[in-house]
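The structure appears right after this line, and notes come after that.
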Amino acid sequence: MKIHIIYQLKCRLIKAFKRIKSIHILIILFFSFVCWEILGFSTNILADFLWFQELNYLPVLINKLQTETWLWITTFLISMGFFLVNLRLASFFKYSKKQVRITERSEEIMLIPPVTIPSSKLRIEPSLSLSWLLCCIFGLILLVGLILTHYIDVFTNYLYPDLTVANVSPQIPSEFNIESICKILTSILSNLWLLGLFLLLSFAIIINPILWLSVFAVVLSLVFSFILSSHWANILQLLHGTPFNKSEDLFHIDISFYVFQLPVLELLRFWLIGLFLYGFVACILIYLLSGKSLSQGNFYQFSQQQEKHLHGLGGGFILTIAFSYFIACFELLYSRRGVVYGAGYTDIKVQLPAYVFLGILALLIAFFLFWQAIFSVKSIQSYIEASLWFLRLGRKRKRKKKVIAKLFANSYSLRAILTWYLIIAVIAGWLIPKIVQMAIVQPNEIEREIPYIKRSITFTKEAYIDVDKLEVELFDPNNELTYDDLINNKLIIENIRLWDTRPILQTNRQLQQIRPYYEFINADIDRYTFLKKESERTKNNLTKKQQVIIAARELNYESVPQPAQTWVNEHLVYTHGYGFTLSPINQVEKNGLPEYFVKNIGPDPTLEKNSTLEVLNRIRDSIPIGKPRIYYGELTNTNIMTSTAQRNKELDYPSGEANSYNTYDGSGGIVIGQGWQRWIFAKYLKDWKMLLTNEFIPETKLLYRRNINARVRSIAPFLRYDHDPYLVVADPNFGHKNMNQKNPNYLYWIIDAYTTTNHYPYSDPENNEFNYIRNSVKVVIDAYNGSVKFYVADPKDPIIRTWKKAFSDMFNSIEEMPTSLYTHIRYPLDLFQVQSEVLSTYHMDDPRVFYNREDLWRVPIEIYGAQQQKVKPYYLITQLPTETSEEFILLLPYTPASRNNLIAWLAARSDGENYGKLLLYQFPKQRLIYGIEQIEALINQDPEISQQISLWNRQGSKAIKGNLLVIPINESLIYVEPIYLEAEQNSLPTLRRVIVSYKNRVVMKPTLDEALQEVFQIQ
């Protein structure tokens, strides 16, 4: 009985499923997919909402989302409306199968339009033959494929932004043009599967053109919406733009137009070209494929309604071309044709008039086509013929009557106009400028281009450097330096860098990682004010400034042993790094290893019982240490849950044979103890174990986006960020009672942020993605709580002023930065490298000297280890020739492009009121000042030095040359290079010798002081 009932139930289910058609299943699956995507989108929005709310930047997210939503909806409605209206018109005007009839007398096919036309006006004209029809159809289908490929390719590049790059904001995409067509065709020909996809596309369109062209229209509308909404930052800049109060020299328009408005116009061009071109091509395809044209083997002319429709679309496309030429006039200021970047002789004298002519001609053609689409051009034919007769001064030219008559025939005008316009555009817009450049400009280039070279020099320097902060001085190192001068400059000598970040990191990884899951990813040079040693202190002088190398000990979960990489360990136990090392840059222990001011983990019995790092007493009295936990850093890539059940506490730090544990009590994180929040983040993070674990309690918090680089880019993607965040130990709450006394945190990350654009006129981008840059923002991230603060460092920059208008609550004044943090801001390395590269060429103000590259500079080459490399900018504490006290600067020497002697050095200042100033010291050209390569040659030629290095290299060790530093002292120069010794079996470098060179003397000794005494012949 039971078996019979089960069998009947099974039969009924089978019958029920049979009633459901496959189309119903597809509809159900489609709507299920849509609902799932909507759910995912909603959870993403809610998760971001909670995350921005935690950081107190919710207004930033709301402003961004409002702009994105407005852009998305507007773009989609306009695009979809345009496509649907035109495809619907094409469907209405196309020839139907019932309108095909064969005449008995002529046995020709006559296509009758859907609108009733008197039989007297029906005419049969020669049709497209099958071969021409196939060429037209497959050519247009190929064009549809190229359009789809181009715009979808742009879309995919926008879909998943890389949060590790310097600037997350997308660049303005290139429009669909000949260059993009060639690139796509090359890709298709080199990939057989793309060729197969094109054939499949062709068959689909031929079988059901209206269906598939409508589907592609929906896809393109979605793509347009996504791409344009991704440029919300450009729209906000347009709405809140701030004048630069400086105009370019061609059109005399304020630079703000090029920076804030021109990108939006280019984005509009990108959209309109795709919109009108696809609509135009799709409608032509529908008309050509209608009325059984392929099966009949020919196609008769377009009907009057079809012609009017195509003329309207063609007029819109030509109007877009006119708009494109209007934009191209301004884009000449970014031309690369001439000897320098920006508009040159040919651009201004030939290309600009050509663009204006082609733009006006396109406007006239668009008007002509619109007239044909709305009325009939024959109604004004007599007036146009009279005008042409008047322009020919009454001469009768019968030969052209036929051409004119054809022009006013609807079936001929569109093809003739587009063909002739293309020919004129190639001749006027490409051929003539190329001939002028080769035949007129290049033979007399310097005379033709001088005024434009001046413009490029001026605008490039202004774009990369605040010229008000750049001073150029003559530096003549002819002072005879003595050992007494070194004693009088003791602070400079004590801060000559003997330890580079690379050997320090190697040593840290050998001696200070403590456990395999700890890692020192980076080390940074900074300066701190410490108490002097007791023997050096005086009543009025207790402290001194000292350069140090600081490195954070972060936790890298990927280094946890594979068997221990469980869900609980990843998210609940291995949550944070601990501590840091602090090393003076020029102090060495007896065994040649670097000395540490701060090192190790765990209580130090010789110091305080509650200490967790081994710290020298005078250092502990100089800087705060606290409990240096690092929950937010450069390696914190996992999402963690804190304040969970007590059975799985967070690993704090190793303590002898056991471990110390901790429970996070910081202000960071989002409470997920409630069920709905757990569901949201389980979906957002795609981690369903969050719903199944029993470890969560009502106080449990989720900490995610802990990587500081991704963190700041998620908040402000419109800024460009330095590649090197650096750790600072400071007490910003010094003197305040509201600080967390139980677990005080004193670790902060500082990241330099830049405002950039690639639309600054006449400014040469060289190899950069931008041609304007300012270090406008300093970002401070709390390594324990995760809070982020943005401080405006350059309030004069128009771009950051624009962003302050758009996000009024986001940015703080630099004066609001706590003093303990402000003393650690430094001139950013990335900016300095860009500026030094620009100045190597653009220091030449004379256009003739610039054209001939007579005074071109380069960055010198040094030997590091056994490899040659460009000298990297280096921080040092020194006294500038024009100043009275020592300061922290960033320095880079220059040599001439074809020689090895020093020609100049660039210094960037970092202290106090002088922060941000640049000093360019140029050496006299009539005297020889030894360069880096020349000093390296002197070192290699010294018999004692070369013999000792060769001996080390034969004894199972490897001698490594460190950075060769040029140190300015009292209007003179000394050169210092450390020599490290590293065993082949163990990468633990030790400092064994120091080479010092002054003038043509070179000595190598075990210590810096011995080398200085020897080179200055002190007994």
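The backbone N, Cα and C atoms fix where each Cβ goes, and this holds for glycine too.
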Given ranges 46-66, 67-87, the stretch to which Swiss-Prot attaches the annotation transmembrane segment: 67-87
Taking the transmembrane segment (67-87) as the reference, which of 128-148, 213-233, 355-375, 416-436 gives the largest number of Cβ pairs under 8 angstroms? 213-233
Go through the chain and flag residues at least 6 beyond the ends of the transmembrane segment (313-333) whose CB is under 8 A from any CB in it; none is fine as an answer. 86, 175, 248, 250-251, 257-258, 262, 265-266, 268-269, 272-273, 276-277, 279-280, 283, 342-343, 347-348, 351-352, 355-356, 358-360, 362-363, 365-370, 373, 414, 417-418, 421, 761-762
Which sequence-distant residues neighbour the transmembrane segment (128-148)? Criterion: at least 6 residues beyond either end, Cβ under 8 Å. 176, 180-181, 184-185, 198, 201-202, 205-206, 213, 216, 219-220, 274, 277-278, 281-282, 284-285, 288-289, 293-294, 297-299
